[in-house]
Amino acid sequence: MIVKIDGSYGEGGGQILRTSIALSALLGKPVEIINIRAKRTNPGLQPQHLTGVSAAALLTDADIEGAAKGSTRLYFKPKTLKCGTFNIDIGTAGSISLVIQTLAPILLYAPCPTKLVITGGTDVAWAPPIDYMRYVFVKVLSLFGAKIAIELVRRGHYPRGGGRVIVYVEPIKKLRAVHYVEFGRLVKISGISHAVNLPTHVAERQAKAAKETLAKLGYVAEVEVETRSDGLGPGSGIVLWAESDIGNVVGGDALGERGKPAEEVGREAAERLAAVLKTGVSLDPHMADMAVVYMALAEGRSKMSTSEATLHLQTNMYIVEQFLPVKFKLEKTGARYIIEVDGIGYSR
């Protein structure tokens, strides 16, 4: 039975494609997506989307139609789920994090452990930075029982990319439900401020501004300063994350840009993290839209909270409901949004 998805639904971006391909590949259900990225100024598939599609096709021996730059229709029919070692080259500064987002749910149910070596952009606009994936995404997924490790070899920024990341995924039988509406007691705030092919003071100023901004709000943060000179081009950024006594992790990040003061970058990341901490939720807005896939696949009722009901989140819930017999509940309680679903306890 083919699943038909209208790519112009909700936020109408690449997220619809990523979630649809991930669930199609995992469940072995063919999917046809039309009006892909219909609401974007450059509609249709772009190189980084094609990498995610072709990587999912490689892992599942899929038949695909419409996998070309600018295509607004894609047909994807998966066959056998493989595992092992795979090299994926995005070929541009396309986001490595977004490729991981597509492939992680598939590989958790693969027949054996998998190692992915991915080349592309590690810290680019409109995507979670790689340190967010390493320290927030991986830790939140571990609450569901997922075992994923992400190793950063080299950073890659826009426009040249060239970053390299190694991802290890251990297969599991079933994901377990997660029931955390409260963040818990704050244990520590950590961070990494990086600068590549730039003076050390850029990373130092980002870190200092982040720590000072958080200190004014009563938070203490330990931020590691990382400088490298092995990039294909210059770039900088900062990722902060807060951990609680019950294992919840939320993050805030910002990317350096030409002409943007380093202090502003650090302050922006700190303010984003503080805004989430203030609400006492268990998921930051970025993680909430990624978590719904795992909540639906897990065994039992999952209940989590986030600080914003973004269009990304609502769109992702809708896409998951097209593939799985689940119904999400999204309810506003004070400053929080409670996400609840009875997961199907998927197993291969």
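From the backbone N, Cα and C atoms, a Cβ is placed for every residue, glycine too.
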Of the candidates Gln101, Gln206, Gln322, which one does Swiss-Prot list alongside His286, Met287, Ala288, Asp289 as binding ATP?
Gln101
Check the binding-site residues Met287, Ala288 for other C-beta atoms within 10 angstroms of each C-beta and report the one with the most.
Ala288
Taking the recorded ATP site as Gln101, His286, Met287, Ala288, Asp289, identify the other residues of that chain whose CB atom sits within 8 Å of the mean position of the site's CB atoms, giving them in sequence order.
Pro128, Phe137, Leu283, Asp284, Pro285, Met290, Ala291, His312, Leu313
Residue among recorded positions His286, His312 with least C-beta crowding, 10 angstrom cut-off:
His312
Reported as an integer number of Å, what is the Cα distance between His286 (ATP binding site) and His312 (active site, tele-AMP-histidine intermediate)?
9
